[in-house]
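S.K.: First, the structure itself, so that you have it in front of you.
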Amino acid sequence: MKALPVLLIILDGFGCRDERANNAIAQANKPNWDRLWKHHPHTLIHASESEVGLPKGQMGNSEVGHLNIGAGRVVYQEFTRIDRAIESGYFYTNPALLNAVHLARDNGKTLHVLGLLSDGGVHSHELHFHALLDLAAREGLSKVCLHVFLDGRDTPPKSAELYLRRLTDKIAQAGVGHVASMIGRYFAMDRDRRWQRVKSAYDLLTQGAAEFSAGSAQAGLEAAYARGETDEFVKATAIVPADGRPVTMEDGDSVIFLNFRSDRARQLSRPFIEPDFSEFERERTPRLATYCTLTGYSDDFDVSVAFPPERIKNGLGEYVANLGLRQLRIAETEKYPHVTFFFNGGEEVSFPGEDRILVSSPDVATYDLKPEMSAFEVTEKLLAAIGSKQYDLIVCNYANPDMVGHTGNLEAAIKAIETVDTCLGRVVEAQLARGGEVLITADHGNAELMLDAETGQAHTAHTMNLVPVIFVGRRHASLAETGALEDVSPTLLRMMGLPQPPEMSGESLLAFE
């Protein structure tokens, strides 16, 4: 089957906001973007809340965005599924969760609960900790240790005190549990193979090994702030009562990992579940009774899963592959899982005719130190792919607006936008020269808001702002006044001249004149 070649460019974290103040996108010098916006059909679409399968008031994120874009329909997120399970009561009868609780209770062992403690809603939610404490109390389990990872990335940089206080109140109300350790997500939730970061979290969890200790979580947080650390970067801290010892994981204990987003939970899970793990030396390898994850983190993991993924049939990648067409996914490390695993509806393997290019992200502590990231390298690979004329569909992600936006550094974020703009001009020109068309969009907002006016702190989280869509091609066309991320794949199919599969509920934003 013949199809017009199309290029989808996803500008990660590129939201729309009119005010220039603290807006890296508005303040950046971006002649290519400005020209494309002025001279080509464009619109704004929704990328948060119910339009992408999230609860009301919940900002979008990269996982959710790419799932919805690739599926061509609203994908109800694990966050929403879990919240509904708590409301319906199913959470408290979930077989995987009950198994972990009962194994600990019936054998006099400890249940260790791991996860990101915040209300950010991107990787986890504090209310899931609270619900699990209720479950443990209902089932008569007395030994529950909470190992909390601090956020400061999808939440304000110094907001952990609120979540720790609410958790402490819940512990008192439920009558079970105590905080045994805490560490920043920078260490516990690395996804870029910085294994020494992960080792510090693993050693803390398994043997209570930590650079710092405190009598309470609140005291540990105050000490971290005094050292100049913000939530994301809090170093391993064991919470040890005056008359006690650090908590360790023992043979026969159970673990429940409460993160519902997989990409930043995989690396820390591996040393617990892989017998031949070799990325770092493990001083202790407790033989756990069960390792339960709230959602499916990887098809390769032999673990218990409380909420397994739901199959997404006939997403864009699968549909294009079944038509015998060629496609390419390209991104740097930070967003590679999003244009592959998440875009494909949670499928680990590539579809027939699907090629993938991974460009390594720079090895820096934070991306404000190198706001260009690997955008230029991605662009060179992308230009070569366009020039090869092999592909009917190319999906490319530029990570800069999101990853540099997360640092809260306005000047660096402006540089990130300007870098992407330079790349955008080159690849759009190349795709048009090839006789193809381009659709540019974003998965959620971020870089358009770099300061929280209420708190005066850097704004490092995503936003709920609308995201842009630009159609660039030689045909005359118009775009709908609004829509949502589910409409992106139907729009691409319209551009390619292909029918839309019945499983896609989104609608094409594009009308050719």
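Each position is counted from 1, following the chain as shown.
Each residue, glycine too, has its Cβ placed from N, Cα and C.
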S.K.: Given that Swiss-Prot assigns H123, R153, D154, R185, R191, R261, S262, D263, R264 to the substrate site, pick the one from K30, K38, K335 that the record assigns to that site as well.
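M.R.: Candidate listed by Swiss-Prot for the same site: K335.
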S.K.: Of the candidates S62, S388, S489, S505, which one does Swiss-Prot list alongside D12, D443, H444 as binding Mn(2+) 2?
M.R.: S62
S.K.: Please identify which of S62, S262 has the densest Cβ environment, defined as other Cβ atoms within 10 Å, among these recorded positions.
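M.R.: Answer returned by the neighbour count: S62.
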S.K.: Can you tell me the CA-to-CA distance separating D12 (Mn(2+) 2 binding site) and D402 (Mn(2+) 1 binding site), as a whole number of Å?
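M.R.: One finds 5 Å between the Cα atoms of these residues.
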S.K.: On a C-alpha basis, identify the one among D402, H444, H462 that is nearest to D154 (substrate binding site); the candidates are the binding-site residues.
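M.R.: Considering only the listed binding-site residues, the nearest one is H462.
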S.K.: Going by a 10 angstroms cut-off between Cβ atoms, which of the binding-site residues H123, R191, R264, H444 has the sparsest surroundings?
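M.R.: Across H123, R191, R264, H444, these binding-site residues, the one with fewest Cβ atoms within 10 Å is R191.
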S.K.: Quick one: of R191, S262, R264, D402, which binding-site residues lie within 10 angstroms of S62 (active site, phosphoserine intermediate), measuring between C-alpha atoms? Sequence order, please.
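M.R.: So the list is D402.
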S.K.: Cα of D443 (Mn(2+) 2 binding site) to Cα of R191 (substrate binding site): how many Å, rounded?
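M.R.: Approximately 19 Å lies between the Cα of D443 (Mn(2+) 2 binding site) and that of R191 (substrate binding site).
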S.K.: List the same-chain residues at least 6 positions away in sequence whose Cβ sits under 8 Å from the Cβ of D402 (Mn(2+) 1 binding site), in sequence order, or say none.
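M.R.: In sequence order, the residues whose Cβ lies under 8 Å from that of D402 (Mn(2+) 1 binding site) (at least 6 apart) are D12, G13, F14, S62, K335, H444, N446, A447, H462.
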